[in-house]
Amino acid sequence: MSKSTAEIRQAFLDFFHSKGHQVVASSSLVPHNDPTLLFTNAGMNQFKDVFLGLDKRNYSRATTSQRCVRAGGKHNDLENVGYTARHHTFFEMLGNFSFGDYFKHDAIQFAWELLTSEKWFALPKERLWVTVYESDDEAYEIWEKEVGIPRERIIRIGDNKGAPYASDNFWQMGDTGPCGPCTEIFYDHGDHIWGGPPGSPEEDGDRYIEIWNIVFMQFNRQADGTMEPLPKPSVDTGMGLERIAAVLQHVNSNYDIDLFRTLIQAVAKVTGATDLSNKSLRVIADHIRSCAFLIADGVMPSNENRGYVLRRIIRRAVRHGNMLGAKETFFYKLVGPLIDVMGSAGEDLKRQQAQVEQVLKTEEEQFARTLERGLALLDEELAKLSGDTLDGETAFRLYDTYGFPVDLTADVCRERNIKVDEAGFEAAMEEQRRRAREASGFGADYNAMIRVDSASEFKGYDHLELNGKVTALFVDGKAVDAINAGQEAVVVLDQTPFYAESGGQVGDKGELKGANFSFAVEDTQKYGQAIGHIGKLATGSLKVGDAVQADVDEARRARIRLNHSATHLMHAALRQVLGTHVSQKGSLVNDKVLRFDFSHNEAMKPEEIRAVEDLVNAQIRRNLPIETNIMDLEAAKAKGAMALFGEKYDERVRVLSMGDFSTELCGGTHASRTGDIGLFRIISESGTAAGVRRIEAVTGEGAIATVHADSDRLSEVAHLLKGDSNNLADKVRSVLERTRQLEKELQQLKEQAAAQESANLSSKAIDVNGVKLLVSELSGVEPKMLRTMVDDLKNQLGSTIIVLATVAEGKVSLIAGVSKDVTDRVKAGELIGMVAQQVGGKGGGRPDMAQAGGTDAAALPAALASVKGWVSAKLQ
């Protein structure tokens with residue numbers, strides 16, 4: 001009996017655990033602290049700093065089943081999903097890793113044992129082919145002489161991409177840095193399927209399928225292209241779970257494995273589809289996986305960056321549901337079946353099921369309102385098309401007006417063999433993107449440029465002043481030996497009391513000083529294991545090796561500590577008041593305010609905000625001790641410690657507890673007791689995205705300042721109303737009632753004046769071919785009274801045509817009224833359009849009543865004078 005996908009995943013992890021590997025949980029789909037990646041797209045992403053030597057783990061062997069998304073940027077599989085056997089937006093990458101431990105021999109032997117042993121995957125050995133890099137004789141000999149694969153099934157692959165080391169069998173992280181050859185294992189499905197072995201002209205067929213890539217990181221590529229051997233070579237491997245499941249379950253398409261068969265049946269059930277071979281079912285089954293897990297990892301639909309990619313995938317799925325005939329919202333209903341089919345890998349998703357479903361439902365409902373109209377517009381444009389390419393401006397209009405991502409438009413066009421001018425679309429988008437860009441802040445983006453080999457020891461939990469030594473200096477991202485007064489730089493110390501930005505808490509400010517220099521620190525950031533002090537040398541000079549005194553801005557740090565501790569209290573209070581579905585989606589803690597983004601599907605009610613505020617202040621009055629303990633990550637989770645969104649944790653973690661009220665994993669700086677916070681005030685609650693709310697709050701002196709400001713405003717209002725704060729509400733109600741009464745009386749007076757004006761005007765009507773024509777410019781009449789006056793005049797004059805105008809604040813207001821017995825000859829809409837055109841405006845309406853506006857008041861007399869001639873011509 002073949003293994004299920006869940007059993008295959010577990011067997012892989014169990015095998016490598018038996019070989020001394022630490023089983024490491026999948027990291028978030030949002031890469032930690034890596035701006036070069038849109039989404040996690042490989043198993044090695046979470047170990048990148050380990051391979052670069054910037055991070056260390058307490059294990060040298062690891063194995064994972066890593067959730068990955070490829071739907072944006074360089075790795076974008078979106079347009080092929082559903083149309084091929086193996087493309088997905090979401091997939092799981094099985095991997096084993098060696099950090100300077102074993103190398104080629106063991107990596108190859110492990111792979112062969114897992115794939116061919118009767119105890120494990122038991123694949124027929126004769127079905128397996130391998131490739132090696134052309135010059136990697138070591139790997140070739142291991143496969144041939146130790147494993148015993150015949151030479152005809154070992155293929156050397158050279159530089160097949162037009163440059164040295166540019167090969168399918170040579171992996172590199174970038175233009176410089178760790179790199180090395182790789183060996184790939186292929187499975188031969190048999191000669192009943194078209195295709196040739198790797199390296200042959202028919203290699204793109206489906207007969208020979210790559211199932212495992214084993215990368216040997218053995219070189220450090222220099223800027224000049226030279227390859228220096230690494231002192232401790234490493235191994236990074238990746239095997240797509242869906243691909244190996246297809247092989248082990250004896251099917252040729254990933255969409256035929258048990259996991260997808262179950263999901264496709266669920267899609268058919270919620271959409272009403274009956275043809276299980278329909279490609280739209282595949283699209284939706286794939287897309288629910290990426291969408292659900294992205295939302296669970298904190299990504300929300302939006303029009304920027306990761307949120308926009310998520311929105312594109314959701315909307316593509318909704319459109320395919322529409323094609324299948326879905327009559328109501330359906331996509332969110334697939335989260336439950338997905339959790340069931342993912343087994344143990346779906347536990348994180350299950351905890352957030354309600355939140356994920358709500359976000360998907362809201363997004364689908366919003367898009368459904370414009371989908372039909374957008375598709376109709378696209379149909380119209382395609383019907384008019386003379387060539388085979390839809391212009392970029394139309395694609396942009398569909399995006400801008402109807403929320404159609406360009407790839408959804410391309411999807412529709414693809415079904416009709418029409419291309420989309422994506423370059424034209426990008427040009428139309430550029431102005432919007434430019435407006436959306438944010439200023440980068442202080443100086444350059446040092447974090448993207450600086451690579452520090454040294455490590456810094458943080459001692460800021462216990463010290464705000466400390467002596468240290470300069471271990472590195474950077475100017476404009478380049479290492480230098482010394483800096484002089486006036487230069488901006490990043491200073492790295494061997495030890496420091498300065499906290500580097502992390503976990504939502506901003507970096508410290510302060511001063512680095514010595515007998516002959518002073519360096520003003522404006523920010524503190526992490527660079528791998530080093531801590532960089534970003535700022536400007538105010539006086540003197542500073543060089544690598546100098547001793548410095550590092551002084552943190554104590555008052556600022558104190559305010560940050562209060563705000564950070566209050567954030568923990570508020571998080572716990574929100575979960576008590578709103579429910580345990582609340583989880584952190586982002587935070588900012590600085591010296592002025594705390595900002596907290598959390599999952600919740602509706603605006604908080606005033607009484608809920610008050611309840612959270614009261615609960616936090618109650619904990620402050622309890623003056624609970626704030627304690628930290630270092631423990632294993634699993635022990636911390638067992639204790640109920642909440643993890644911060646987007647943070648990466650080591651196996652040993654810092655657990656912060658506030659009595660029995662709050663327990664979280666946190667590396668930030670905090671107050672000693674909750675009583676130190678003094679006072680907590682929420683100053684705003686708002687929405688930031690579908691299913692995400694934001695609270696801003698203040699503490700301590702900041703909270704007291706808001707109390708004083710509120711009191712001052714109340715005193716000012718009381719003074720204006722000649723009352724006091726005790727009876728202020730009654731005073732305001734009284735003033736509002738009096739205002740309403742006066743407004744009512746004023747309106748009555750205006751109506752009386754308009755009626756009188758109408759009576760006076762009726763005598764000025766002239767006869768034009770048996771119809772009474774009245775044209776007049778009025779002064780001192782509100783534009784909204786014109787309609788009432790026209791109705792009165794029509795009643796008085798009988799068979800009539802009326803044009804009234806008034807000017808207020810330089811703007812012209814026009815109205816035309818035509819009695820119904822005349823509308824067959826004169827239509828109010830045409831008449832008002834003729835007049836409005838002359839005063840720089842436009843308007844329209846019914847045949848018997850029409851209104852317009854204009855901007856050229858000076859042209860009004862001539863425009864009104866033209867009415868008589870126009871009407872006379874119509875009445876002849």
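The backbone N, Cα and C atoms fix where each Cβ goes, and this holds for glycine too.
Since this is a predicted model, take the numbers as computed values, not measurements.
Residues or ranges marked as Zn(2+) binding site by Swiss-Prot: HIS564, HIS568, CYS666, HIS670. The Cβ neighbour count for HIS568 (Zn(2+) binding site), using a 10 Å radius and every protein chain shown, is 25. In the three-state DSSP scheme, HIS568 (Zn(2+) binding site) falls into the helix class.
Per Swiss-Prot, the feature N6-acetyllysine maps to LYS74; the stated evidence is sequence analysis.
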Same chain, 6+ residues apart, C-beta under 8 Å of the C-beta of HIS564 (Zn(2+) binding site), given in sequence order:
GLN505, VAL589, LEU594, CYS666, GLY668, THR669, HIS670
Show, in sequence order, which residues other than HIS564, HIS568, CYS666, HIS670 on the same chain lie with their Cβ within 8 Å of the centre of the Cβ atoms of the Zn(2+) site.
ARG561, SER565, THR567, ILE626, LEU656, GLU664, GLY668, THR669
